Each structure stands twice: as C-alpha cells, then as structure tokens.
Amino acid sequence: MTTLEATSKPKITVEVANEEKNGDNSLKRSLTPQNKDEPHIDKKKYKRAVKVNNGQYKKPKIDATGPIGVLDKEITSLIRAENLTSDSILNDVAYVMNNKDNEELISQYHRVEENVRVLRLTSSGEGMAIVDHPLDKTHKQVVIIPFSIPGDVVKARLFKTLNRYVQADLLEITTPSLKRNDERITCKKYFGSCSGCQYQMMDYDEQLRVKRKTVENAYKYFAPEIFHLLPEVGDTVGSPLQFNYRTKLTPHFDLPRRYLKMVKRGELEKLPKLALGFGCRGKPEWRKTEGFVETTRHVIDIEECSIGTKILNIGLTNERRAFKDDYVNYRKGGTILLRENTNVLNKNATEEDIQRELTEGSRNEDTKISYIEEDVSADKKLVKTCVTDTKQVVSEYINGLTFKFVANEFFQNNDSILPLVIDYVKQNLMIPNVKETEARYLVDAYCGSGLFSISCSQDVEKVIGVEVSADSVKMASKNAERNSIKNCTFLLGKAECIFESIDTPSDFTSVILDPPRKGCDEIFLRQLAAYNPAKIVYISCNVHSQARDVQYFLTETENGCKYKVESIRGFDFFPQTHHVEGVCVLSRL
C-alpha cells in the first residue's frame, strides 16, 4: 500500500493489485473524481505507486481449471449470451478499495438489490445475475448469489466487490423458479448457510441435468478446438443413494486468539460456544438456519450431516461430546477426520464378538466403539464403525471385494455408486477386434490402493498399476493378495514416466487414468501417446482439467490424431452438491 499526496487534501490511499488491471475500467474510474468534492489524484504519482506495488506484490498464479479460472470463463460466457461486452461490466475495484473507509460511498456499491433475475448456475452451484451499476446506468455488474437457481427472482445483499463480479447474500426469493421446491430440502437446520450442499431445493433429475451441462461446458471452455468433433455428452449417471452416502467427513473448528487468551487465563466459563462443522456460505435471510456461530473464520456448527452416512453421524455426535473438553488443547483450531470403516463378520456374531473384533473407532458415552450392522449375504454381515485416527488402516467392501487403505488417504467417498462406475469402466476397456483367445492387458495409472486395477482384473491377462506413493503400492499389493487376485502387479514411480517400464503390447492394452484434480502432466500425456494404447478410460473429479488434457492429447501429442473420443458422461458421486465426476473414453482409430 502506498500513500500519495493529492492535489487537494486529504491524503488518498491507493491500493492496486495486479489482477485489477485487466481492462475492466477499474483503474480509469479510480483516477476520475466521482463528484466535485472528491480529491483528484496525480496520475504520474499514481502510476509510480502502481509500479512500486507491482514490485512488492506479485499476481498469484491462477489455475485455469480451478474454481477461479472456471468462474472467469463462465462470466465471459454469460456476458456474451446477454449481448454485452467486457467493457459493459464495471466493478470499480480500485475505487472501492481506495475508499473502503468511506461508509457513505461504499454503501452505494455494497447495497441491497431487488427483483434480481437469476440467469445461470456456475459450476460451483451458485446463481449468476446481471444488475445495473449503482452509479453509472450505462454499465452492468455480474452478481454471484449462493443458493439461488436460474429462474428465481430474488432480493440480494451485495457485500463484496471483486474484479469481475460482486458477491451477494440471498435475502428473499420474490418469485421462485419453476425448478425450485424448498419443501424438498432435507437438511432443514443448515441448508442455506452450510457450504457443503448447493442443490437440495432441486428435484434430483434436475440436478443430474445441471451436472450434464457442467460436463458439456467444461469441454466447451477448455477443449474449444475439438468441441465440434466430440460426441454428445451422455446423461449423468445418478447415485443409488441421494442422502447419507458420503463415507468421509472432515468437520473443523477455529479458536480465535481472544478465546485462546481466556483459555490461558483459566477463564473457561467465559468462553462462548464454539462451532464444530463446515464452512459457512453467506448469511441468508431467505430461510431460518441454525448453527451459525460468529467466529473469525465463520464455521457453521453442525450436529448432523444429511449426506454423511449413518455411522459418520453417530461418530460426529461422539466427537462433538469429546470436543467440548478437548478444544482448549488446540492453539488455533483443527480438523477432525470421520472415515467409515467396514468390517465383514459372521452373521451370527454377537455384540460381545463384535466389540472384541473391533480395535479402532469413535466411542460412545459408555466408552464402547459405536457401530451399525448391515446384512450382506446369508452368512455374512457388514459392521461399520467411524474411524478418527488419520493413520488407521480402514476397509471398504465393494462388489464383494475388500479394500484396505490408510484413513486419510484418497478413496472414493460414495460406495453406492462405485459398482455402477466400475461396470461402466470395465465395459469401455474392451478392445474391439481382439479375439477371445488373444490376451488383453490393463495399465492403471494413479492406481492408489488398487480399486480399479483389482476390480477390472478378471477380464485381462495382466494388470500393471503405478502409484507415486510407496505406502499405496504396498497397500494395493496386499489388497490384491487378500482378494486372491494373482494377475496384478503394482509399481512405484511417477505416472509421468510409467511407460518406460511397461512391456505389454500396446495393441492389446487399455489404460485407466484417474489423476488428482490438477489433471495430467503434459510429459505424461506425450508418453501416453507414444505408448499408443488401444483404449483409454479417463476418470476425473475435475472435468475442466480433464477437458484440457483430452484436447492436448488429441492435438499436441505424437499419436493423438490417431484417437477419437467415443463417449463423455458424468457420474454423480455427490448428490445435493455441485460436484460431478467425469468419464471420457478414447479409442485408437
């Protein structure tokens, strides 16, 4: 921040971030007095201040396929659809920042707008609208309104000015969208404040249509060169469970410094109620919610989660009870892991047998491990517990197979949809024109603890799984052994160089890709193309990075032009939320 002497008093504080200088006219307006009583800034000194700030504060690198980068694409698309241009949008970011202590002026920008029509949804599940600029009616502003959906006409409080949009809270739904049904909201206590769910007010079929559009837009925005060549995006595959499906939750809490001082002084009785739960999204007035506790970081206090499994909600109750006594031992705050653990036991096992078998899990008031039972066959039952130790090894039972992994490591968090995904992947790994007598092979990049490698092993001669984590390689090998799978080999190494050690014939080999959110490295994609496998199934929790990777593979690699995209579709691993998993199938021509 640099303070400049204006041509007339008082001093003007000028604070300019690099990201504000991208042609939205913010700088131009910040240099122009809005009325005759406002001081004028010396433009030469202002430019020097910008130069100084540029030397001190570097513009953060934004991932184009991350939430901020994707939102930028979505705003551009909305502006064009409304027959506007980027020059039509004026947010005056620098001007607002320079005058943030001027309450009268700021109140003109951070204001209540009525009769705001919501036009679209972002891929993060928030409504998008366009309103008039508060001072200049020849310009517009894009507004982001959580918990609103297209077709809603709402009253909104605009409270934060950003570079390309203004953030708002939903105050009132004046006219509800035909797609809205608030009676459908299951989480009566928290929906509208909790950041975990976005779509509980929508019919599930509509949620699936929205997610199909998210996948389609991802390829439109991040694979524009090949978009016209792609097949139509398939319908999103729904989850058998729409609530109580999530097998991992991570509630957290903050301990503000002023409360920490009370703890040090032993003034525990003066401590207010602290929140243990999830991030709070806005302060809505359109429906009453419970659990909001004002802390420095706004965490909403959650007693139950409608998308968490039954045993995780039992575990949450247990941990909240312990939290009352334990939180004073933390200096700043913390995160609690709640991970479902599935044990396969004899159906005749008694409670005494079960407690003897269980070694780790969240405990009830009687200090016994809490559990629930589910019948799985005539002679077996599943006993589920909630594990809170991040280093504890846990189990999941999928399609008759048992998978063990470390509780804090990645594993898919919706068991109910996994059989559908696995079957779809297996079907699309099949290589056409290969005789039944000819051997087929599978390479599983980013294999983790072996979920897809082991699940797809029965239809191929050999599976090679590659993982960067040595612990995951060991776990995957043990998972193959415990499930009596003998044709799986797991290798330690970076996915970027895995094909150096792969000796299977590419004409008879399919490849599974299941990378982290950032997607695949270009080096890896070039090596994949050089290896030239017959079939590729790309699974991704970020359809935007997936679309980027698919375009790069097809247009920038040695053999990419020899492939076509057979199909693209989403799988709904997380109903009621904006998240969608994408599966793209490529085959060699």
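The backbone N, Cα and C atoms fix where each Cβ goes, glycine too.
Together with Q412, E467, D514, TrEMBL lists one candidate of Y441, Y446, Y531, Y538 for binding S-adenosyl-L-methionine, that being Y446. Across the structure, Y446 (S-adenosyl-L-methionine binding site) and C541 (active site, nucleophile) are spaced 13 Å apart at their Cα atoms. Using the Cβ center of Q412, Y446, E467, D514 for S-adenosyl-L-methionine, the list of other same-chain residues with Cβ within 8 Å runs, in sequence order, F410, D444, A445, C447, G448, L451, F452, P515, I539. For the binding-site residues listed here (Q412, E467), the lowest count of other CB atoms within 10 A around the CB belongs to Q412. Spatially close to D514 (S-adenosyl-L-methionine binding site) yet at least six residues away along the chain are D444, A445, Y446, C447, G448, F452, I539, S540, judged by Cβ distances under 8 angstroms.
Using a 10 Å radius centred on the Cβ of C541 (active site, nucleophile) and all shown protein chains, the other Cβ atoms total 19. Residues Q412, Y446, E467, D514, recorded as binding S-adenosyl-L-methionine, reach a greatest CA to CA spacing of 16 Å. For the domain 'TRAM' (103-172), the DSSP counts in helix, strand and coil order read 7 helix, 38 strand, 25 coil.
Every protein chain considered, the tally of other Cβ atoms within 10 Å of the Cβ of Y446 (S-adenosyl-L-methionine binding site) stands at 21.
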